[in-house]
Amino acid sequence: MSIGISVEHIGADPHGDRGGPAQPLLTVKKLVKHFDLKKSFLETLNGGGKVVRAVDGVDFKVLKGETLGVVGESGCGKSTTARLLMHLIEPSAGEIVFNGETVGSPALPLREYRRQVQMVFQDSYSSLNPRLTIQDSIAFGPQVHGVPKREALTRARDLLARVGLEPSRFAERYPHELSGGQRQRVNIARALASEPRLVILDEAVSALDKSVEAQVLNLLMDLKDEFGLTYIFISHDLHVVRYISDRVMVMYLGKVAETGPAEALFERPLHPYTRALLSSMPSMDPDHRTEEAPLAGDPPNPIDPPPGCRFHTRCPHAEAVCAQQVPSLESENGREAACLIHEPGSGHSDARAAIYAA
Amino acid sequence: MIFYLLRRIVYTIPIMLGVAFFCFLLVHISPGDPLVAILPPDASAELQRQLMTLYGFDRSWPEQFFTWLWRALQGDLGTSIASGRPVAEEVFKAVGNTLMLACLATLIGFVLGSLFGFVAGYFSNSWVDRAASALSVLGVSVPHYWLGMVMVIIFSSWLAWLPATGAGPGGSDAWAWDWEHIQFMILPAITMSVIPMGIIARTVRALVADILAQEFVVGLKAKGMTDTGIFLHVVKNAAPTALAVMGLQLGYLLGGSILIETVFSWPGTGFLLNSAIFQRDLPLLQGTILVLAMFFVLLNLLVDVVQTTIDPRIQRS
Amino acid sequence: MSTAITAPAAVAANTPYERSAGFWTGVLRKLARDPVAIGAAIVLLLLVAMALFAPLLTPHDPYQASMLKRLKPIGFENYLLGTDELGRDMLSRLMVGARLSLFMGITPVLIAFVIGSGIGILAGYAGGLVNTLIMRTIDVLYAFPSVLLAIALSGALGAGIGNALLSLTIVFIPPIARVAESVTTQVRSRDYVEAARASGAEAFTIVRVHVLGNVLGPIFVYSTSLIAVSMILASGLSFLGLGVKPPEPEWGLMLNTLRTAIYTQPWVAALPGLMIFITSISFNLLSDSLRSAMDVKN
């Protein structure tokens, strides 16, 4: 047995799971990240500075063994959320609970959490150290966690084979000698080397050619089954997200707009933003056109987000109340939407009707 | 942009304080008693104490620093131990001479350097380019004090065209803008111009080659734009950076003139530094370094401000 | 499932791996194709060999003065390059002079490379307040033109080899630290460093494995470009009487003592400077070639 994880996965409780399969693997509560803007001279004198509200109070769950797709326009906070989940940047507020334990608590120190959660980045080249052979890059993580070098290298070669790269040809190559697709396979192998349970894929296939993208997606799905992984799949490509995800979360300006099972969400979006986003998606089926107007313009500046519902400046259904009241994430039948239309008694003129319609 | 300029100016203050502190430290890192140079070997303890008080060496460091700084701000840089005259007086007389030489050298360097750089960039990768590049490598590699000697050997000793040393006939101090005096400037100025020439040639070559390779210039050429038009375009785009480099080079020459001034016995700051070092005249050394370094800091600031103002492409935040 | 994984590894263990050329091998290969680099390297090797084996090669005793043979021209009797103002053999003195001249030119850059890299990498990787404190201090030293700083320091410290080395080292630390800081800041934001942090590695391990290998190359190339400047400055200090003291042969000092002879024996007097020139231009050319060989775009 060369890869330690494989056999244990078959057992009833392979990871020391707590709370059984129904308990979420990851629960994110009120996650906030505000970046300080570089203060200008005058603001320094005044002692104040502005902040970019990149992630502004995000709640979601990731269930064991599922793939959660995360979509949204660029700048909506999806990549910041990924980096927060990895603790690459410190959250300004909020809590991350992994497998029943708060991350950073004595029961789950950051170091152990980081072994169990790994990330694959978008830029396949910049995410590999150009001066290390790819087997050294893959073996680095396990060595950090105390695996002896020889063993780590063996594991690296096995993983290379598993992601479809012949170890005898690739193990001692340098990243610049590989194609983009091959490098992304290496990055996947690197993420898997420390035997994680959750892998965050941040635009992991976005930079690849379409044909290569499909191969890598299929590889990801195979690996997920084989190693019992859970994925958070971040992408701007709605087709890909629909293809790979079990559930989807839509983000807008640092907040969650809507979450729900992938098929339901794509078939019948609840939030006007989701509808607008989906309408920008070239449809394969002429019978499935949405009447929603596609999104115009750029999202508002996250330094100074609009009050109330953040989408009201671009929303075709916006009413006066939308600029005053912040919608809460209402859940029903496994679906959630942060829109006053779906909030009974919110004061929006469509509120009642929508509830009955749903 | 206003904010950038303001910040840039405010940012210069701590740098200047740091520079001043460094100059202040110079006296304190120097081994031995600075008074040794002026004290007779059999000086009484009383005389020694009096001089200590006179030069302020008996007080605490911070006290000495702030007293020194306060006086320096008022233009009092202390008294030269060797000559007994005010340091400020000696330094400012010498700075004028150095500035004259450095400006002329920068001008020569800029004109020739731009010319070589322009030709090299315009005909990039031709033999002209390679020759100009070789020339600029020579310019930055040559020990200029040696080049000065070679110039003296060729033009003074061998051809006897120009005087070798000094700043005027009969070793007089007074300067005048006539050939009698100007001829003394030519050799040191040409020697001094070699480094800025090499650096400006390199900069201009890169700028011109870059601008000509830009797609819109290629497009303009294809549309039949005249050579004059392209030339003007290149000049307009290369000028701000080239001028900025020139400004900085002037600063380097002011600070770096000591070796050349020594070779040509030019009565500038370099010459002053040289004598300060050999007479262990620390107040004079300190004052000269302070003035030159402040000049350099302010020149840097000026170059930045001017460049930001004339070149709208530079986005600084 | 597990067999599918182990099978290729078993094969792999028996077949030799395709080992590809490392980064530096590629750089060396490019340099070997560059005639300018080869020329400069040969000149420098000859100079170093001359310095190392000087005692075996010198035709005369470099310290042996002779009142009768002062300032003889090139080719006088068996003095191939003439004699200096004290009648000592120029060739022998130039050969032995290479030792101190090269030593005083190269050592400050080497020490400054170690210290400056350390400071710059620390500032670049730590970021924040540490970065601000370090870099603002460096800025103060950077505010002096290098010649002025070298002369100020050695002027205050006094003449001598040790003081000249110390002054020049202090002169070269700020520029190297600046380059190190900016390269490190760039590398720190690369995804592979993020990935290493995400794997839970300590800062020290990340710097050792992922940062050093990627920043030392550029810092080194930049530092080599300073050797030419350092050669000129070191000899310049001796030329001013601030570095090596007589009677030790050193090119800058020799140039100074021969200054009075430029009217009587101009070509002999110019020789030490020519040596400095040849050395500094060779270092400049080699450094330029190294830079373009390391440039990935080429």
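The backbone N, Cα and C atoms fix where each Cβ goes, glycine too.
TrEMBL annotations: computationally assigned, not manually curated.
Annotated features, as they stand in TrEMBL:
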type	residues	note
DOMAIN	B:95-307	domain 'ABC transmembrane type-1'
TRANSMEM	B:9-29	transmembrane segment
TRANSMEM	B:99-123	transmembrane segment
TRANSMEM	B:135-161	transmembrane segment
TRANSMEM	B:181-201	transmembrane segment
TRANSMEM	B:242-264	transmembrane segment
TRANSMEM	B:284-306	transmembrane segment
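Pairs of Cβ atoms less than 8 Å apart link the transmembrane segment (B:135-161) most often to B:181-201, out of B:9-29, B:99-123, B:181-201, B:242-264, B:284-306. Away from its own ends, the transmembrane segment (B:9-29) comes close to residues 61, 64-65, 68-69, 72, 282-283, 285-286, 289-290, 293-294, 297-298, 301, 305 of its chain (Cβ-Cβ under 8 Å, at least six residues beyond either end).
For the transmembrane segment (B:284-306), same-chain residues at least 6 beyond its ends with a Cβ under 8 Å from one of its own Cβ atoms are 5, 8-9, 12, 15-16, 19-20, 22-24, 26-27, 72, 77-78, 80-83, 87-88, 90-92, 94-95, 243-244, 247-248, 250-252, 254-255, 269, 272-273, 275-277. The list of residues near the transmembrane segment (B:181-201) in space but at least 6 beyond its ends in sequence, with Cβ under 8 angstroms from a Cβ of it, reads 100-102, 104-110, 112-114, 116-117, 120, 132, 135-140, 142, 144, 147-148, 151-152, 155-156, 162-164, 166-169, 175, 242, 245-246, 249-250, 252-253, 256-257, 260-261, 263-264, 266.
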